[in-house]
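Chemist: Quick one: this structure, given as structure tokens, is what I'll be asking you about.
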Amino acid sequence: MDSAVTAVLAGKYPAKQHARRVAEALKASGHDGSGVIYLEGTKTRMAEDSDEAVPFRQRRNFYYLSGCELADSYVTYNIDQDELVLYIPAADPDEVMWTGLPLSPEEALKKYDVDKVLASSEINAHLAHYCTNKETAPKRVYAIPDRVCAETTFLPFDDTNWDALSNALNQCRKVKDDYEIALLKRSNEISALAHLAVMKAAKLAKNERELEAVFRSTCLSHGSRGQSYGPIVAAGVNGATLHYQTNDMDLEDLVTGERPSLLVDAGGEYRLYCSDITRAYPLSGKFSVEARQIYDIVLDMQTQCMDMIKPGVAWDDIHARAHKVAISGLLRLGILRGSEEELFEKRISVAFFPHGLGHYMGMDTHDVGGNPNHADPNPMFRYLRLRGTLSPSEVVTVEPGVYFCRFIIEPYLSSPELGKYIDSAVLDKYWKVGGVRIEDNLVITQDGYLNLTTVPKDPEEVERIVQQG
């Protein structure tokens, strides 16, 4: 692990700095810069007909202003007084025998970057306390709709603003500080070890689920206690399903003994910060001719797109470049027919590359602030999760792919207008490839990018790793 990352993460999560940034964003959006910001953490929720709690996932906006992973907690930031207060559950004698003593206010104050720690039960009293002096009392509280429990009251305040806080948080969370980038680096470091472990286990594995287990266990053993999303471990034609989750197919044909290629899209989560990495490689240790041809196209798509990345460049333009490279490659193979210009104009490549090139990444895999437009009439951009220009300290994924999904492609083949652009006889050789996607995580810098992802992707190197096991 990178010692420089470890040194950064030895400090406190910069919650106070984040609170100040959000306050500045509120002011920049036309508000007077006064008031109290209010956020709740995730509540403990019990599974139906059970005394077990459902798996806990902390609210990301709450964590951004607290650094706290405890359930049933609150945070307030008094903008005028520059005071950040965390409210955590007090000890419940009935629970201590089962779960041990909870974090005390004194321990929490040492652990978190806040000015004061109170009990969760004191939230209403402290909100009222803000308003005891009418001359200096904040007039407004900023909160998020449907993120305030019934027990909380804002009656002491003259006004509750339900519109501004979510947008301010989204704008701030887009731009990562050094501490957040260190968390994302560590998440990538752990996930790189896990991807490499899967590559080494691939040749002898019998079922997709075995390789999912390798990924999860490697992450856990290195401090990543959760996954950014459900791992995608897709062999052969399963790789044509973008978010395949079954992960339960045998990896060897019982009749021929053939082993297909594998697509693994998986990322561990470290202290709520994500990684999102995809690699594809042959389970036998040697790409088939068709799989290698598609792999080379996708790697070229990613390389050319990454060459364009720097501040001020429109993500739409980078995404369009990926489609143009895909068209050129599929034309060379004879899968497509016609001119590059006409194929791009007709959006034929969408049949093989239906999703967006990438997205913001942070505490959420598909992080906030991307401004997608799923109503876009242009099918090439409809599923693009990031619309706009790049800025320094944003973190994006770059994940081009080429897929052979019958459900998507066959309507093109049967279309009188579009079918002529695809040679079905040539296409028939590629269905078994399933899909190839290559995905890295990049930090936008002042003059380009920093690639956080170190998992090998050179095809010869990948083959060698799988062969050696």
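Every residue gets a Cβ built from N, Cα and C, even glycine.
Fair warning: this is a prediction, and the values are worked out from it, not measured in the lab.
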Chemist: Which candidate from Asp265, Asp447 does Swiss-Prot annotate alongside Asp276, Glu439 at the Mn(2+) 2 binding site?
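Modeler: So the Mn(2+) 2 site in Swiss-Prot includes Asp276, Glu439 plus, from the candidates Asp265, Asp447, Asp265.
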Chemist: With Asp276, Glu439 listed by Swiss-Prot as Mn(2+) 1-binding, which of these, Glu212, Glu394, Glu399, is given for the same site?
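Modeler: That Mn(2+) 1 site, as Swiss-Prot gives it, pairs Asp276, Glu439 with Glu399.
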Chemist: At a 10 Å cut-off from the C-beta of Glu399 (Mn(2+) 1 binding site), count the other C-beta atoms across all protein chains.
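Modeler: Result for Glu399 (Mn(2+) 1 binding site): 24 neighbouring Cβ atoms inside 10 Å.
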